[in-house]
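**Q** Feature list, courtesy of TrEMBL:
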| type | residues | note |
| --- | --- | --- |
| ACT_SITE | D:Cys15 | active site, nucleophile |
| BINDING | D:Cys258, D:Cys404, D:Cys453, D:Cys456 | [4Fe-4S] cluster binding site |
| BINDING | D:Ser305, D:Asp367, D:Asp368 | Mg(2+) binding site |
| DOMAIN | D:15-240 | domain 'Glutamine amidotransferase type-2' |
4 protein chains.
Amino acid sequence: MGELEKMTTGLSEECGVFGAYDMDGGDVAPSVYYGLFALQHRGQESCGIAVTDTYGERKVHSKKGLGLVNEVFDEEALQTLHGNLGVGHVRYSTAGGTRAENAMPLVLKYVKGTLVIAHNGNLTNAIELRRELEYTGAIFQTTIDSEVIAYHIARERLNVSCAEDAVKNAMKKIKGAYALVVSSPRKLIGARDPFGLKPLCIGKRDNTYFLASESCAIAAVDAEFVRDVEPGEIITITKNGITSDKSMAISPEKQARCIFEYIYFARMDSTIDNVNVYHARILAGKALAESYPVEADLVVGVPDSGLVAAKGYSEQSGIPYGMAFHKNSYVGRTFIKPKQSQRESSVKIKLNVIEEVVKGKRIVMVDDSIVRGTTSANIIKMLKKAGAKEVHVRISSPPFLHPCYFGTDVPSDDQLIAHSHTTEQIREMIGADSLGYMEVEKLKDMVGDLSYCDACFTGNYPMKVPGRDVSLAFE
Amino acid sequence: MGELEKMTTGLSEECGVFGAYDMDGGDVAPSVYYGLFALQHRGQESCGIAVTDTYGERKVHSKKGLGLVNEVFDEEALQTLHGNLGVGHVRYSTAGGTRAENAMPLVLKYVKGTLVIAHNGNLTNAIELRRELEYTGAIFQTTIDSEVIAYHIARERLNVSCAEDAVKNAMKKIKGAYALVVSSPRKLIGARDPFGLKPLCIGKRDNTYFLASESCAIAAVDAEFVRDVEPGEIITITKNGITSDKSMAISPEKQARCIFEYIYFARMDSTIDNVNVYHARILAGKALAESYPVEADLVVGVPDSGLVAAKGYSEQSGIPYGMAFHKNSYVGRTFIKPKQSQRESSVKIKLNVIEEVVKGKRIVMVDDSIVRGTTSANIIKMLKKAGAKEVHVRISSPPFLHPCYFGTDVPSDDQLIAHSHTTEQIREMIGADSLGYMEVEKLKDMVGDLSYCDACFTGNYPMKVPGRDVSLAFE
Amino acid sequence: MGELEKMTTGLSEECGVFGAYDMDGGDVAPSVYYGLFALQHRGQESCGIAVTDTYGERKVHSKKGLGLVNEVFDEEALQTLHGNLGVGHVRYSTAGGTRAENAMPLVLKYVKGTLVIAHNGNLTNAIELRRELEYTGAIFQTTIDSEVIAYHIARERLNVSCAEDAVKNAMKKIKGAYALVVSSPRKLIGARDPFGLKPLCIGKRDNTYFLASESCAIAAVDAEFVRDVEPGEIITITKNGITSDKSMAISPEKQARCIFEYIYFARMDSTIDNVNVYHARILAGKALAESYPVEADLVVGVPDSGLVAAKGYSEQSGIPYGMAFHKNSYVGRTFIKPKQSQRESSVKIKLNVIEEVVKGKRIVMVDDSIVRGTTSANIIKMLKKAGAKEVHVRISSPPFLHPCYFGTDVPSDDQLIAHSHTTEQIREMIGADSLGYMEVEKLKDMVGDLSYCDACFTGNYPMKVPGRDVSLAFE
Amino acid sequence: MGELEKMTTGLSEECGVFGAYDMDGGDVAPSVYYGLFALQHRGQESCGIAVTDTYGERKVHSKKGLGLVNEVFDEEALQTLHGNLGVGHVRYSTAGGTRAENAMPLVLKYVKGTLVIAHNGNLTNAIELRRELEYTGAIFQTTIDSEVIAYHIARERLNVSCAEDAVKNAMKKIKGAYALVVSSPRKLIGARDPFGLKPLCIGKRDNTYFLASESCAIAAVDAEFVRDVEPGEIITITKNGITSDKSMAISPEKQARCIFEYIYFARMDSTIDNVNVYHARILAGKALAESYPVEADLVVGVPDSGLVAAKGYSEQSGIPYGMAFHKNSYVGRTFIKPKQSQRESSVKIKLNVIEEVVKGKRIVMVDDSIVRGTTSANIIKMLKKAGAKEVHVRISSPPFLHPCYFGTDVPSDDQLIAHSHTTEQIREMIGADSLGYMEVEKLKDMVGDLSYCDACFTGNYPMKVPGRDVSLAFE
């Protein structure tokens, strides 16, 4: 998604969830901390950890804050987080919604003690559910869907004999995308929406079980990957081990994994639902090479998200792969563009072309998406100034044309160049010698038999999606 | 309460609430900020302001944080707080309960939009009410009573046609001490518990109405004091002006104002229920002089809370009033006593004796309370070292003997010297030449006809007080 | 100096210095920390501590920073400051000169190891000395006089056999006001300029010697006051004890102690050169009562600096002393006046009148100085609004008419109301019923036989004072 | 240098310097800010900017601090830095030497006004020069060589008619490695030591000249690269343009550029002395392929510093290049390893293997250096666990065997595995199937005709290097 563009245009990433249960009673906060580090790419706005000691007082200790994992947590903070049952969260949100109160995980008291909830995804019926709850006297302290889910779990808990059944009953009411990690006083529960829009997987290390948005976080805590939580499945981990309830599952062909996890969101070293992300991107690059071949001397990727697809393009086309760019890894969230600065471009500070590599060459440049086009135009200009003879742009996703209701913050229409321009117009605007977008029908090459959601490209939503233009009067 | 002792023993103060409604639509955040400054003595742990523009979008903008008013708010923060309807809060809590989530005012969404609530006091049936709510599926995100009150207002709002009636119905269920300042999207509501345990008053400046815990905050915003909210009264302020509902009031003789507001909590420049605090303390000092006359050369007060009663003692006894102490005003919340420090006393750094004043004199030293006695002992030792020939201690409150269930955090029995020692024993332990505590029956001298609560001295509670030893499993 | 006015007009206080040497080798940082707390009123801009272990490696550990003592130092910082020889400093400076580099103490390497220097006062020939040094190739990293002094000590050290003689030789070159605390690797040295413009005294606790700007800091570390360092005296403290060199002293009648230390700067519980500050202020109040008697009902002081002189006025006149004001002790350095705020006065937030006390009374109001007059006008208006029938203002210092070259930052002429208005005009402008300034010739009543400097009132400087309008091109 | 290892073992990088002079009088701080961002890889401990307005008051405004460029500077800070002449610095130092006072650039007053100095490199005779200066009465406030250089410039300035000649005379006394950027009130001066150990180059954009440690910083400010400053050359930039003095130059064959700039320090997109860093690393990889061929399926680089040499190895050997690792870019300076954490490896959190890429493959793994060997061992273990059949390690530098006296902080002998083990022993310890270090004689392949310093590998120092074990008694 034009990773560099995101720095300026604020395209949204998702969230990441993590859970840990040490059946031997050891502290899990350090593992949750490491796990969140590995999921940091899924959300940089805020993060939090809540832990309970299931063998002790069962008090919940939590810490949440705005900022990156290494900004919110230090040694002292981690040492106060005693407990063998833990839930962690990293969060992204659009600028307007930055409220400290919205940081997760949510920690709440309900009839059975303390409930902790971390959630990735968006409900499509959140507004209706909020109104319904308000009409029974409910109060809300955040604007996040997790609070709606928590309410339903709390209410359902009155009618059933265990927390996991309360989660199941809540799932019958909530619609949309969700990967949930929930802790009830003595249990760790994970659940994935029936469509499987958001990923969730299971890991194990000795007698500790883990739940994580991506397998890279399982690797980060030196655990073995066990398997993915299946769409619609509810996993319950207690001192007696792990159990599964798949009664909410739907038929595999109706499942609808977010294809954008493979294109951009997920870390390339993760494997989701048996499809390796690196591999999917190699295949995307190969598909681009098949669809849009060109005579060229070098294939280059825009760091970091375009690199793997560029490799795939190179492998398929036989055109050598090269490193054309240096990316400045010190340009982070807090980079400012001084007001007085006139000439310096913020693209330039993030990316520099290695003239040695591109001079005199015909270049194929692969990126994952184009949003406004200005960043692409800048990069192409830099390549040409460095002596590139031609620049052929290949984009490893189709153009965004439809809003996402499941948690991916696609920019509004007027920001999307593809919304109002043809590919040829865009090519001209960004100064490319040719331009090719991934074909919608080739997306399936990336993920094999898996059933996926490509609604942002096609408008074919896996479920009913009401307009969501009601803004909550909080701020 | 041995103001100096509080710095070490963590005796609790209360909370302070403030509200403002500008009928002309101007921003009230600056006034709320000034008002909270004037109420800072009522709580230094956290503070917050929430404002709404009743003529605009009716969005609520809020900022809360741990720390003093001048630590939480800066120019930038205040500028984002647009709105003509505002609620503010300063909070004190015992060390264990310091949770950022507990900062007030609470800002919640309910069926009629956004509800903001600030509260001073403690409910006596909070635990029962929480359990009841949980058994209907409620979830709690804080450990404060305000959330319980908010739930009841939200539920009652479904049955009545206006927010103030929802407040009234909620008041029928909640028991205990409370001064409430609530904002519903277009209204500012103030309410005081029927016993009048906590103070609340009304001010006006041009077309802006104010509600405040104490009249000193009305003065700080350059407004005119209108009157006190009466015990059990509900005040509603809208664009149409101010209305009152006294249907929850009880007979005046059953009212039970907290006498400790006059002795210690309130600022001496405030007037509560027509009794001026300065005047009440002068009378306390006079009562002490009557009860415990002594031949002496000088009456001195322990700063700052003992100064006025000392003046009263001086006026009654004819013994000259003097300033014996310098108090270091830079010793604040964050003062640390270095571990390596052996000789330095933390009393010494806060207070120093002016030898010139006390040398060779027989001193009457007036303070508002004795908790452990160690601070008093240190001060007396300093006075004697500076040459005082005799030190006669007079305490402007009776000994604490009973717990307070209404929001005053009286230390536990084992910390209270008066609990296990006679006055004569205490006198000896602190090294005083004589010691006199305010007589319980003379408390009425301070406040005239007002009916008050002196349960912490007498055990005569104005209502049923269940033990409150259930701790909430949050932390 | 209109303590309240200072908060807005930025009148300067001085600096405070502190030194400690534990002959038994114990850590002195905690004592220096306590000592600086007691001297905080002399400077709130920055502070610092530097310590050396004379029995160990003789490395210097230091920490300096912008802010109050309790903002710059925490437990962790103090624990890293190991050493039995320590120097501390609190600093005030005008806004323009706030540079982190200027924080003291200065820690420098010179030919004999590490030199630490803390300094209170201003040199009158600093510019000339800087130029001279620059013409020998010197470089300066700060804009403070201490660096000039340090250079001279370092250079003189090459010609003499001990550090204290280097200090003496340096004193022969530097002109102006200074109280110095210096540590050379194994010595603590204190020195006071021959005129004695700035105070410095000696304390002792067991085998630890202390040097401090004021005796209140000696008391704060629970030490015994030994004596004042005499004007022109050099004190040297080593493991062998204390020695004195008075060869730089001048005749007592030429000495020129800053009279403003007694009027305003020093803490009232300090004693400087055998004159107790509290006592001096009582005498100032008595002198005012003699010079400007009036029929009145109550004498009140403007907190905190006017309180003692008010007491003196009361004692002399027989008019009762009263507390008319509540001062909000939470209004500190970081208080902001919100831009949107129109009606609220920043005087009101700092000070409130106790109506009960002043209503219907004829008031004598004592303050230490008037700068612009706006604050006085506001206070008088508040008193009258509260019902005072008359307000008679008495100022315990003569009008400022001349600049101070010795470290007291008297505001520029155009800010000083007394510079361009007669007393009668000022009386009218502030709305007082009468106004009396301390008479210059009565200043001597305050300090008995001591020879003092009153140049800011009279223009009679104790030494040649060149214009000091050269600004250093740093910022 | 085992970039990942550096995160744990604290290997030193160098410093970076930057200068800018806008002959049209525009503010240069934004450009200096961008330039420092591009040089951040040369030092992450502290940074600073000092600017002067040569057409205005010629006051120097500066800001320095501990932390990264984006931590020390924000919009507000940059707006206060007015001036058309600027000097910037990023600094690295060993942990023990972290002192805020040592942050650069140094800003000093000397006889001709303000002198600003930024410096990259180490003097070999700094201790002697300090002692000499101390014996003339000098005082030092930092432990950095720049202060020694500044003293010499200040002293020499008394004897010559311009600042650049003072720099030249100072260069006659100082020995060692240095790239200097100096500003005198109206001039920007750059100088490079005669051996050319540290890089420095010139850029130009419109009427603004730039000096920078590396050409990547010239590109970052959108300027044209003009040329390198030559070893021993002094460049002076004034309102009249640029002049050069090469009288300190030595013969080209005696020059001794630091070869480690090409191997590791410099950014791959920089060109130093006409040798492109990317190209040099490609050649290093090719040289390794020639020296140590092996049958393998894939060549991979350890991110980020091993990637280019891996590409070179691939190109030479014909073995495909692959991306085997994901590097977590959120693991920065402040990453902590929680004490309670037992199983998690900090290598794992920084780097993860993409199983898909390496499974079943014989891998050639290229890195720039091995320090302790533990990181390499961990990575090889991860590769094998992911299914790599063989791992052949190729290191693009020879083993470190000798200390560097010129500013590269090579770890002490006992930390260097190569110091006490043969290559075969190291191979076994890290678990590699084969291991090859760059041959010393092949280093020249990287840089063509350039004369360079390889003393850390060979012990052949370009100048006399006295032991430097004297520690300064500051801390």
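Placed from the backbone N, Cα and C atoms, the Cβ positions cover glycine too.
Describe the structural context of each listed feature in the structure shown, including burial, neighbouring residues and relevant distances.
**A** D:Cys15 (active site, nucleophile) counts 28 other C-beta atoms within 10 Å of its own C-beta, drawing on all protein chains shown.
In sequence order, D:Phe260, D:Phe400, D:Leu401, D:His402, D:Pro403, D:Cys404, D:Thr408, D:Val410 are the residues near D:Cys456 ([4Fe-4S] cluster binding site), counting only same-chain partners six or more apart with C-beta under 8 A.
The domain 'Glutamine amidotransferase type-2' (D:15-240) scores a mean pLDDT of 93 in the predicted structure.
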**Q** Using C-alpha positions only, work out which of the binding-site residues D:Cys258, D:Ser305, D:Asp367, D:Asp368, D:Cys453 is nearest to D:Cys15 (active site, nucleophile).
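**A** Closest by Cα distance to D:Cys15 (active site, nucleophile) among the binding-site residues D:Cys258, D:Ser305, D:Asp367, D:Asp368, D:Cys453: D:Cys258.
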**Q** Kindly assign D:Cys456 ([4Fe-4S] cluster binding site) to one of the three DSSP-derived states: helix, strand or coil.
**A** helix
**Q** How long is the line from the C-alpha of D:Ser305 (Mg(2+) binding site) to the C-alpha of D:Cys258 ([4Fe-4S] cluster binding site), rounded to the nearest angstrom?
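**A** Between the alpha carbons of D:Ser305 (Mg(2+) binding site) and D:Cys258 ([4Fe-4S] cluster binding site) there are 17 Å.
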**Q** Taking the Cβ of D:Cys453 ([4Fe-4S] cluster binding site) as centre, how many other Cβ atoms lie within 10 Å?
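**A** If we count other Cβ atoms within 10 Å of D:Cys453 ([4Fe-4S] cluster binding site), we arrive at 25.
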**Q** Hey, which of the binding-site residues D:Asp367, D:Asp368 is the loneliest by Cβ count within 10 Å?
**A** D:Asp368
**Q** Measuring Cα to Cα, how many Å separate D:Cys453 ([4Fe-4S] cluster binding site) from D:Asp367 (Mg(2+) binding site)?
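**A** With distance taken Cα to Cα, D:Asp367 (Mg(2+) binding site) is 21 Å from D:Cys453 ([4Fe-4S] cluster binding site).
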**Q** Other than D:Cys258, D:Cys404, D:Cys453, D:Cys456, which residues of the chain come within 8 Å of the [4Fe-4S] cluster site, judged by Cβ distance to the Cβ centroid of those residues?
**A** D:Leu197, D:Ile259, D:Phe260, D:Phe406, D:Thr408, D:Asp454, D:Ala455
**Q** How big is the Cα-to-Cα gap, in Å, between D:Asp368 (Mg(2+) binding site) and D:Cys258 ([4Fe-4S] cluster binding site)?
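**A** Just about 15 Å between their Cα atoms.
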**Q** If you draw a 10 Å sphere around the Cβ of D:Ser305 (Mg(2+) binding site), how many other Cβ atoms fall inside it, taking every protein chain shown into account?
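**A** D:Ser305 (Mg(2+) binding site) is surrounded by 24 other Cβ atoms within 10 Å.
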**Q** Using CB atoms and a 10 A radius, I'd like the single residue among the binding-site residues D:Cys258, D:Cys404 with the highest neighbour count.
**A** D:Cys258
**Q** Please report the distance from the Cα of D:Asp367 (Mg(2+) binding site) to the Cα of D:Cys258 ([4Fe-4S] cluster binding site), rounded to the nearest angstrom.
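**A** Here the two Cα atoms are 19 Å apart.
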**Q** In DSSP terms, helix, strand or coil for D:Asp368 (Mg(2+) binding site)?
**A** coil
